Amino acid sequence: MSKQDGKLTGLFGAPVSDRENSMTAGPRGPLLMQDIYFLEQMSHFDREVIPERRMHAKGSGAFGTFTVTNDITQYTSAKMFSEVGKQTEMFARFSTVSGERGAADAERDIRGFALKFYTEDGNWDLVGNNTPVFFFRDPKLFVSLNRAVKRDPRTNMRSAQNNWDFWTGLPEALHQVTILMSDRGIPKDLRHMHGFGSHTYSMYNDKGERVWVKYHFRTQQGIENLTDEEAANVIATDRDSSQRDLFNAIENGDYPKWKMYIQVMTEEQARNHKDNPFDLTKVWYHGDYPLIEVGEFELNRNPNNYFQDVEQAAFAPTNIVPGLDYSPDKMLQGRLFPYGDAQRYRLGVNHWQIPVNQPKGVGIENLCPFSRDGQMRILDDNQGGGPHYYPNNQGVYDSQPEFKKPPFPADGDGYEYNQRQDDDNYFEQPGKLFRLQSDEAKERIFTNTANAMDGVTEDVKRRHIRHCYKADPDYGKGVAKALGIDINSIDLEGEQDETYENFKN
């Protein structure tokens with residue numbers, strides 16, 4: 001029987017005799033427990049909502065195709081980049097970061113930019129954002145960021161005080177905060193923004209030579225943003241504005257595209273780099289490490305079912321393929337465990353069997369035979385009766401030494417090193433970013449900052465003004481004026497930076 005026959009059954013195939021009237025004792029009597037269809041419907045309904053993502057809960061996604069447009073085989077042996085013109089299927093999910101599933105799309109917030117490439121050597125997940133940097137550089141602060149931007153435990157409301165108290169306790173956050181308070185803090189929609197891998201990653205070629213890389217994805221639709229006032233009007237009329245724009249564009253054949261670029265740094269250049277090249281709060285200047293074109297991806301197919309493909313999409317930085325690798329970036333290293341662990345909690349240990357997460361280029365039957373059982377193991381015959389241990393005398397499931405990675409550079413004693421003794425250059429790059437803005441754009445940064453700090457205590461405002469001033473005096477003066485604070489009343493030249501370790505208000 002097909003869906004087109006229009007005949008209703010229960011979940012196990014039994015025909016449903018009446019969809020509108022419950023089984024009762026008499027026409028007005030109580031319900032009977034033997035109304036199995038009613039019980040089945042309600043029990044399923046009670047359980048159909050899965051945990052939302054702790055961050056990036058509100059998202060939109062689409063399928064597409066990545067095409068190589070430039071030869072980078074000198075840097076990587078990854079098969080998806082093996083020849084110009086080669087195409088790889090992919091899935092993309094964009095998101096806001098702070099809000100819940102029902103949050104408005106046009107909020108001032110970072111956007112998640114997560115890509116899943118179905119390569120012939122397995123899935124490659126690049127889990128990035130629409131900004132090239134982040135608020136901090138040590139992953140021990142991840143949980144506190146979540147707390148600061150989410151709801152207050154007492155009021156259950158999002159708190160600008162908590163947000164800014166956290167940000168201003170970290171002088172290295174100013175770079176990301178400056179981007180967030182700039183015009184690019186509210187993209188008009190998902191099609192008109194850039195994406196970044198943000199972290200430093202690495203590539204290695206067939207000779208075992210490693211280079212450090214950063215990934216960039218430049219929208220081919222152009223950059224378009226919203227002011228605070230425009231965003232408020234959008235939210236008032238359509239809380240799903242970005243999701244609607246992406247879905248409708250693809251549905252109408254207006255397929256969005258992004259060009260992929262990399263920046264490349266050799267190991268020798270990294271050793272001599274002015275700053276820590278693995279610091280997520282800093283960028284590599286394009287003049288020193290120019291963008292190298294790699295390819296282009298196009299999103300050209302909407303999911304048939306949002307829950308099936310977007311809500312159940314699972315991304316993890318640990319999903320990587322031969323020719324691509326990690327770096328000493330502490331923030332990247334700190335993400336390697338929790339992403340997969342969160343998916344196992346949210347979707348189950350066998351979430352890799354969900355269609356959107358399946359490694360299409362490899363084949364389910366060829367996947368790890370030693371990971372078995374678990375809830376909802378529904379594909380691949382649970383690896384059948386073959387050996388589920390190694391070594392075994394059947395000569396199957398041997399290692400593949402030809403895919404060994406080149407040695408990963410690491411040295412030093414295990415210790416909780418003070419990051420601030422290693423690098424306290426917090427303000428150079430946000431200062432340069434500020435000076436790149438037009439006079440009108442600078443004024444909008446001041447206004448946006450004042451709007452975002454509404455309700456924040458004066459000590460926190462002063463702390464932020466001090467950081468802005470150290471990046472550029474005009475930056476500090478402009479923010480102070482917008483906040484209505486006399487800048488001459490602030491100690492602007494204090495030698496001790498105000499970190500969470502040493503607040504001087």
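Positions of Cβ are set from backbone N, Cα and C atoms, glycine also.
Keep in mind that this is a model prediction, so the values were computed, not measured.
Record note: among 1-25, 151-175, 251-275, 1-25 is the stretch given as region 'Disordered' by Swiss-Prot. The local packing around Y339 (heme binding site), expressed as other Cβ atoms within 10 Å of its Cβ over all shown chains, amounts to 17. Taking the C-alpha positions, the distance from N129 (active site) to Y339 (heme binding site) comes to 15 Å. Counting only the Cα atoms, the space from Y339 (heme binding site) to H56 (active site) is about 12 angstrom. Contacts of H56 (active site) defined by a Cβ separation under 8 A and a same-chain sequence distance of 6+ are given as S95, T96, V97, G112, A114, in order along the sequence. In the region 'Disordered' (1-25), the DSSP tally of helix, strand and coil residues is 3 helix, 3 strand, 19 coil.
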